[in-house]
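According to Swiss-Prot, the protein carries these features:
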BINDING   K11, L12, S13, G14, G53, R57, N162, Y168, D171  ATP binding site
BINDING   G52, D72, T134, G135, F136, S137, Y138, F139, T140, T141  UMP binding site
Amino acid sequence: MKYKYSTVLLKLSGEALKSENEIYNKEKLEDIAKQIVELAKNGLKLGIVIGGGNIWRGKLGTDIDMPQINADYMGMLATVMNGLALESTIKRLGYDKVNVYSSLPIETVTDDYNFKRARLKMNEGYISIFVGGTGFSYFTTDTNSVIRAIEIGADAVLMAKNGVKGVYDSDPNLNPNAKFYKKLTHREIAENQLRVMDLTAATLAKDAKLPIEVFDMQGQNNIIKVMEGSLESTIIEE
């Protein structure tokens with residue numbers, strides 16, 4: 001199978017794993033895992049970063065007067081749980097070549113992160129799931145996605161959105177006349193304050209000349225379709 005990239009970093013939101021009333025939805029987990037397995041079996045080298053928003057959000061910490069540092073680490077731990085959920089689903093589907101690398105040492109259930117080891121294992125067909133954020137507070141999973149993408153030599157970051165096909169000049173759910181962008185530069189993201197990712201992540205991607213493709217994952221096989229180049233999306237590159 002011919003894909004538009006050979007190595008990618010897939011950024012998933014935690015919300016992509018949940019249902020209305022449950023933090024995990026079996027069907028959604030299996031759908032994502034099946035697509036990931038198909039891509040890996042067809043030779044794609046794949047790294048994955050998952051958010052933790054289905055379990056923990058910073059606002060919850062604010063509501064109980066928790067210091068941001070503590071709240072950030074709780075968010076990082078939520079990504080560990082999501083990574084383990086995705087790993088177990090992938091393995092249940094019969095694909096055992098998957099590693100979970102954590103920036104926070106949790107030796108019983110994850111591997112300590114080392115980019116050289118991750119690259120070697122990815123060359124052997126292993127899927128790498130990166131959890132625990134950067135390991136430091138005040139940094140988002142967007143920033144972690146860009147850092148890991150650079151470290152594994154990814155051709156691009158695939159940023160999966162829920163129900164939005166790419167980047168608009170305003171919220172399309174609130175503004176029916178919102179303008180959709182097919183192509184943007186990293187500089188335009190910052191200058192126009194477009195809500196794609198945080199400024200730190202956008203700046204890192206710009207400096208590394210790392211393309212970012214934003215797409216809607218809510219559709220049958222949309223992760224595969226974006227890799228095949230058959231899905232409408234927004235591409236951010238210099």
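Placement of Cβ uses the backbone N, Cα and C atoms for every residue, glycine included.
In this structure, the binding-site residues G52, G53 were compared by how many other Cβ atoms lie within 10 Å of their Cβ, and the smallest count belongs to G53. It is 12 Å from the Cα atom of K11 (ATP binding site) to that of T140 (UMP binding site). G52 (UMP binding site) has S13 as its nearest neighbour among the binding-site residues S13, N162, D171, going by CA to CA distance.
Geometry remark: G53 (ATP binding site) versus F136 (UMP binding site), CA distance 17 Å.
The binding-site residues recorded for this entry are T134, F136, T140, and the Cα of T140 lies nearest to that of S13 (ATP binding site). Counting only residues at least six positions away in the same chain, the Cβ atoms of A178 sit under 8 Å from the Cβ of D171 (ATP binding site).
Of the listed binding-site residues, namely T140, N162, the sparsest CB environment within 10 A is found at N162. In this structure, the CA atom of T140 (UMP binding site) is 18 Å away from the CA atom of N162 (ATP binding site). In three-state terms derived from DSSP, K11 (ATP binding site) belongs to an extended strand segment. Across the fold, the C-alpha of F136 (UMP binding site) and the C-alpha of N162 (ATP binding site) stand 27 Å from each other.
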